[in-house]
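Novice: Okay, so TrEMBL annotates it like this:
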BINDING   Arg34, Arg64, Asp79  S-adenosyl-L-methionine binding site
BINDING   Cys234, Cys237, Cys254, Cys257  Zn(2+) binding site
Amino acid sequence: MRVTEGGVELEVPGEQTEGVEESVFYNPRQELNRDLTIATLRAYREREDRAETYLDAMTASGVRGVRAAADGWDVTCCDVNEEAVDLARTNLERNDCEARVEHRNVNALMHEGVFDVIDLDPYGTPMPFADAAIGNCRDLLCVTATDTAPMCGAHFNSGVRSYAAVPQNTDYHTEMGIRILISALARSGARFDVGIEPIFTHATSHYVRTYLELEHKPTAADAAIGELGYIYHCEDCLHRETDVGMIANPLETCPYCDGSRLLTAGPVWLGPIQDTEFVTAVRDEIPYTFETAPEARELCDTLAAELEEPTHYDQHKLCKNWGLPANAMDEFLADLQASGFDASRAHYGGTTFKTDASVGEIRAATEDNLV
Ligand SMILES: C[S@@+](CC[C@H](N)C(=O)[O-])C[C@H]1O[C@@H](n2cnc3c(N)ncnc32)[C@H](O)[C@@H]1O
Ligand SMILES: [Zn+2]
């Protein structure tokens, strides 16, 4: 079947069933991810004009490589699957795009040479590729992780194995996934004296995507390790607090409800997950010709306004816990702000928000209007 995406045309084996394309080599549900990747590459090149080479490390149909090559990047596409490699070659030709195409295990390829930008887009966890990628990427590492259940703590042992950290299943599970993933990448980087700085990160229920700017310097690696720490979370009242450092000091009882059902997660990344100015630049690089433009732009707007707090709340879950009805989000956030707290919506869902207020402070600031 034939697919058009971001101005390029692809041939992918598979069929359209009820209007939905189905192919092992092309996932239409990842179009938002790819549109944002192209916008990020554009914004990044505006900022760092030395960035030229792009490795589409797991190319499948070649779609990322084709789109990047059409944008002027010096592209290498790689896949371990022979059929994928043939398909990528065909799709590059179809669009008159030039790129190197490698039929390799990309870990071996990455150890042989340096790329300015590396894009890891595997099935499941990216961690088996993290060391080779961080050691051999000069500027920007783009990472997708689709193993949301392990990262969020829902498949606990798998999460511990992949990320060498303790994830916990909380009401902010997708953000737990983001912070577990970035923590593991920061620790991979540190082994090579490379510091990471997340400049753009987003999550959906199906995957996490983060873009890390790398700095090859021991002090930068130290700075990244300095952003790691622990989250202590009360399962009864949803109170949470964080502690920077590599040694955990778990709470024994909850300071808000006195309960003892406390979870400790970590080491997680507690630092910023966006560079707000960069997110705005990405937004401005999304043309309306991209199929997902309205959604992608709205996502960037929400991300740019999202507070830097390490966890978010879900208004409906808090209100349910308090036995009170939820009111409109704007009114709820306005009440928090009127009480002197910072508050913003969050991109994790329509009822999610961030604030510097504690659970007790949130309730005191909002409950008069929860009727
Ligand atoms: C999720 S797909 C990639 C999708 C593609 N990037 C896109 O945007 O449509 C994952 C691809 O990784 C490839 N892959 C898995 N292990 C690999 C390895 N060690 N080296 C290179 N490619 C690998 C698979 O063959 C598969 O084509
Ligand atoms: Zn509590």
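Every residue gets a Cβ built from N, Cα and C, even glycine.
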Novice: In the structure shown, which of the binding-site residues Cys234, Cys237, Cys254, Cys257 has the fewest other Cβ atoms within 10 Å?
Specialist: Cys257
Novice: Across all the protein chains here, work out how many other Cβ atoms are within 10 Å of the Cβ of Arg64 (S-adenosyl-L-methionine binding site).
Specialist: 28
Novice: Cβ under 6 Å from ligand 2: which of the binding-site residues Arg34, Arg64, Asp79 qualify?
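Specialist: Among Arg34, Arg64, Asp79, near ligand 2: none.
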Novice: Just give me the nearest neighbour of Cys257 (Zn(2+) binding site) among the binding-site residues Arg34, Arg64, Asp79, Cα to Cα.
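Specialist: Smallest Cα separation from Cys257 (Zn(2+) binding site) among Arg34, Arg64, Asp79: Arg34.
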Novice: Can you tell me which of Arg64, Asp79, Cys234, Cys237, Cys254, Cys257, our binding-site residues, come within under 6 Å of ligand 1 at the Cβ?
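Specialist: So the answer is Arg64, Asp79.
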Novice: An 8 Å radius from the center of the Arg34, Arg64, Asp79 Cβ atoms defines the neighbourhood of the S-adenosyl-L-methionine site; name the other residues of that chain inside it, in order.
Specialist: Asp56, Met58, Thr59, Ala60, Ser61, Gly62, Val63, Gly65, Cys77, Asp119, Asp121
Novice: Write out the long-range same-chain contacts of Asp79 (S-adenosyl-L-methionine binding site), meaning residues 6 or more apart in sequence whose Cβ is under 8 Å from its Cβ.
Specialist: Met58, Thr59, Ala60, Val85, Ala88, Glu102, His103, Val106
Novice: With Cβ-Cβ distance below 8 Å and at least 6 positions apart along the chain, what are the contacts of Arg34 (S-adenosyl-L-methionine binding site)? List them in sequence order.
Specialist: Glu5, Gly6, Val63, Arg64, Arg67
Novice: DSSP on Arg64 (S-adenosyl-L-methionine binding site), three-state: which is it?
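Specialist: Looking at the DSSP assignment, Arg64 (S-adenosyl-L-methionine binding site) belongs to a helix.
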Novice: Starting from the Cβ centroid of Cys234, Cys237, Cys254, Cys257, the recorded Zn(2+) site, name every other residue in that chain with its Cβ within 8 Å, sequence order please.
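Specialist: Nearby residues not in the site list: Glu235, Asp236, Leu238, His239, Pro255, Tyr256, Asp258, Gly259, Arg261, Leu262, Val359.
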Novice: Listed S-adenosyl-L-methionine-binding residues Arg34, Arg64, Asp79 - what's their greatest C-alpha to C-alpha distance in Å?
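Specialist: Among the residues the record ties to S-adenosyl-L-methionine, max Cα distance equals 17 Å.
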Novice: Going by DSSP, is Arg34 (S-adenosyl-L-methionine binding site) part of a helix, a strand, or coil?
Specialist: helix
